């Protein structure tokens, strides 16, 4: 309806009925009933107009290509869709917070235990009187109320309330805020345009360090979402966009082009600089949508014409067919198109829009000859069943091309058209309009009406192939995630062939994998397929398997046997679900999260990914071309997929490490603090006397011990971030809960009790067993005892912080010094106030401090002896245990840290590493390597981390060995051989390993048994045997770090079932060894691997993957 003047608009009378306010930005249902349209002069109650999102202008929108518009406000204020979306979809809590609640409960239970013990002992002490104490019992004849325990109970309750570190929660929130800003400021996560990361929920920072599963969308997430039409199949001809002009007279080609021009929702616009723009409405937030209308009297011409659309595919199609046709203008009921240089106006009768359920779009037009035709485009599985079955040859040809296009990773659409009779259209129009005016089940009724014209009888016109290139470094990012031990599932709406090809392109799967496909259409067949694939999977390692599931089959599985999908998926390295709906994406995420009890991360860029993002433990949004809904719903957002690797391996791992130790340390220091007070009860007859000064006690958590853990929470780095990115398997140390577990909590509490005992008996020896003498000859009083005890406890917990810190910065040092400076400032300040004769009683819970306490305390030798001696004696066992662990069983982190701090070495020092071929007979095959040359490290720099092994057995989870130096790996993924040549050795050394262990021999003979298959991306370990006699022997395999090396060598011979080794180059030109420690003095050896992000995957020219149907 159009109105010429504002006066006519003012004469309108009617009613708008619409749905209740909600947050759905993509759906609006309502109807407008006009009772007195202008120009009619009477009632017209039968004029009912359906209202959809096409008629709704969202708050904060921009108007383009029009000077003004008239409207009616349907939602206002807090009822607008934008305001409804401002709320959080639901609070998410990290797994650490859930465990932290149990830790707090445990601390409370400990508090209750020592509280009850203290009250009981207090009551017993009161009965067993000393002669010099006032009898606390009531006089003879007085009534005993039985509440004598209440006073001691409240006293000890107040004293022991510090067991639970209330300040911890404030510190955690502060640390998370700083961590959030560090993520936002991280230049490495900014796109070329300068847009950085966005953090919507910093409560999940630590969960980023323990991701088990990543669920990813494809279009716009892995790809650029910048579509380019590369090929079309029209009839049985495959044409490029430049070849279209050659067939401009072909009727089918012209119909295909018309279908592209007509069947779209794009808006033609001029260059941005020439567009008149109206500013946002008053009070509007950032735009959530764009309401656009065309100036009907203006025709778009020339090269300045471009298109805007919610679908990048439509833009690619319109740009691709410009050689034969141009879509120039859209009106309410007509389209202006240019075909072969001639402008044509086509009347639009109806348009049935695309959605994820229909998977097609139809437009009904009346052409220049008066015919009614319906043009439809959509997914092949929806369109081909609607094509006239008599077009057998054409259908077969298009199917072949669709398969070829999909194998190239191209997005495909099928185009078709057919004529409608006037009667058929009239029936459709009547039912469709009735459905559109309905407020109940509108979409269902409209779909039934659309089926009248979309059911069958189409003339197949052809199909299109659109390229959507991968974003930068997507393969490297996927490889990094896989090497981190994270399972990656791809959930996409594309067809199977396209999804598999994209999986190959991004190295989610490789050509050596066996692909298990689930495509059954009945429950019985699905169960049969799963059982068959389980049998296949049982004989192969996970890294050799990939699973592909289609949407229809996935629906059957989710209804009948969801657990079977999870069990089969866990046997595979990667899973691809294709043709899935947004709801299915969310259901798959929920299934894995609930059945496997794992930490999940979902990443996507569009509105169809919102449910998946919200369902996962952590949601990540990509700021792409499909709106901002995914970004608003996500916990974290950035522009490029490659930022995910850094978010997880660097920020996630650091956050988990820092917050875990921060929590443990906070409970440790408070348990140490209060347990000492508990032990003090043995000396004061459980009277409730406090062994800390009244000023020191309430400020323990606020002033003296808050700054060091706070700074630790965002400055600590156990390994430099460059090493984390270079060696993704280090992520396993956090993902496998090595940072955050009850075991670690128990170790910290054991340290707390030990430190308490040492600190207490140090105090006891000084003040009780042998009274401390001051420099003036007097003995220490209670005030000196309290401040001395405070210094001992503060020094002990501070030294523990020193022992746990590995990355030292100026703020870290300042925080530790500030703790003692604040302690001294408190003592000195109170001394000054006392000297000024200011009575603090009534304002602070402290007694008046006697004069010169500060002076006598700091001039007493016992004070300084205790201040340094007691903390060292307490923490020394921790340091010895740590030293022993580094010496005897160093972790990968220990090795990298040591090699990072060692100066003076260069990777080229390893260029003398060569291999020689050994003779193999029976058993398992291992590779031999000879380490030659002089020392890699200067003698003065030799590390004591690595222990020499002579004529002995090496057992444990794994062995790292070369020359005469060996060490164990904390958690290798397979039999491991990593060389660390400290310097040359001419003696005879032998080490033997069994089971999944590897062997080192120099000048002797060794045997390796059951060397297992390496993880994804690496060549499988040989399966035959070896007894080798050579200068140096090391078993091949892969470590938890996925190490690699390229080596060469000389003579020898071998006999095994494994493929023969490649010819060795001359020994005079050895190949430099690279890999894990390529910036340090170490060598990593593994079969069939390459250095860098990982082994070879999806090699060009490699044979296609095996597919298990």
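From the backbone N, Cα and C atoms, a Cβ is placed for every residue, glycine too.
Within 10 Å of the C-beta of residue 217 (active site, 4-aspartylphosphate intermediate) there are 29 other C-beta atoms, taking all protein chains into account. Here TrEMBL flags 217 as active site, 4-aspartylphosphate intermediate.
Within 10 Å of the C-beta of residue 605 (Mg(2+) binding site) there are 31 other C-beta atoms, taking all protein chains into account. Feature annotation from TrEMBL assigns Mg(2+) binding site to 217, 219, 605, 609.
What TrEMBL records for 1032-1047 is compositional bias 'Low complexity'.
The annotation compositional bias 'Pro residues' is assigned in TrEMBL to 1058-1069.
Residues or ranges marked as domain 'P-type ATPase C-terminal' by TrEMBL: 631-888.
The region 'Disordered' annotation in TrEMBL covers 278-306 (among others).
What TrEMBL lists as region 'Disordered' is 1011-1075 (among others).
Annotated region 'Disordered' per TrEMBL: 1088-1109 (among others), in sequence order.
What TrEMBL lists as transmembrane segment is 102-127 (among others). Within the same chain, residues 136-137, 148-149, 152-153, 156-157, 160-161, 163-164, 663, 667, 670-671, 674-675, 678, 681, 685-688, 745 sit at least 6 positions outside the transmembrane segment (102-127) and bring their C-beta atoms closer than 8 Å to a C-beta of that stretch.
Residues or ranges marked as transmembrane segment by TrEMBL: 147-172 (among others).
Residues 103, 664-665, 667-669, 671-672, 675-676, 679-680, 683, 785, 788-789, 792-793, 796-797, 800, 866, 869-871, 873-875, 877-878 of the same chain lie 6+ residues outside the transmembrane segment (745-764) yet bring a C-beta within less than 8 angstroms of a C-beta in it. The feature transmembrane segment is assigned by TrEMBL to 745-764 (among others).
The annotation transmembrane segment is assigned in TrEMBL to 784-802 (among others).
Residues or ranges marked as transmembrane segment by TrEMBL: 814-836 (among others).
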By the count of other Cβ atoms within 10 Å, pick out the sparsest of the binding-site residues 219, 609. 219
Long-range CB partners for the transmembrane segment (784-802) (under 8 A, at least six residues beyond its ends), listed in sequence order, are 665, 668-669, 672-673, 676, 690-693, 696, 704-705, 708-709, 712, 751, 755, 758-759, 762-763, 766-767, 772, 774, 816, 819-820, 823, 827, 853, 856-857, 863, 866-868, 870-872, 874-875, 878
Residues of the parent chain within Cβ reach of the transmembrane segment (147-172), under 8 Å, 6 or more residues beyond its termini: 104, 107-108, 110-111, 114-115, 118-119, 122-123, 126, 136, 659, 662-663, 666-667, 669-671, 673-674, 677-678, 686, 688, 690, 697, 700-702, 706, 709-710, 713
Rounded to the nearest Å, what's the C-alpha distance separating residue 609 (Mg(2+) binding site) and residue 217 (active site, 4-aspartylphosphate intermediate)? Just drop the number here, would you? 7
Beyond the site residues 217, 219, 605, 609: chain residues whose C-beta lies within 8 Å of the centroid, for Mg(2+): 218, 220, 221, 603, 604, 606, 608, 622, 624, 626, 630
Mean of the pLDDT scores, which run from 0 to 100, over the domain 'P-type ATPase C-terminal' (631-888): 85
Express the distance between the Cα positions of residue 217 (active site, 4-aspartylphosphate intermediate) and residue 605 (Mg(2+) binding site) as a whole number of Å. 8
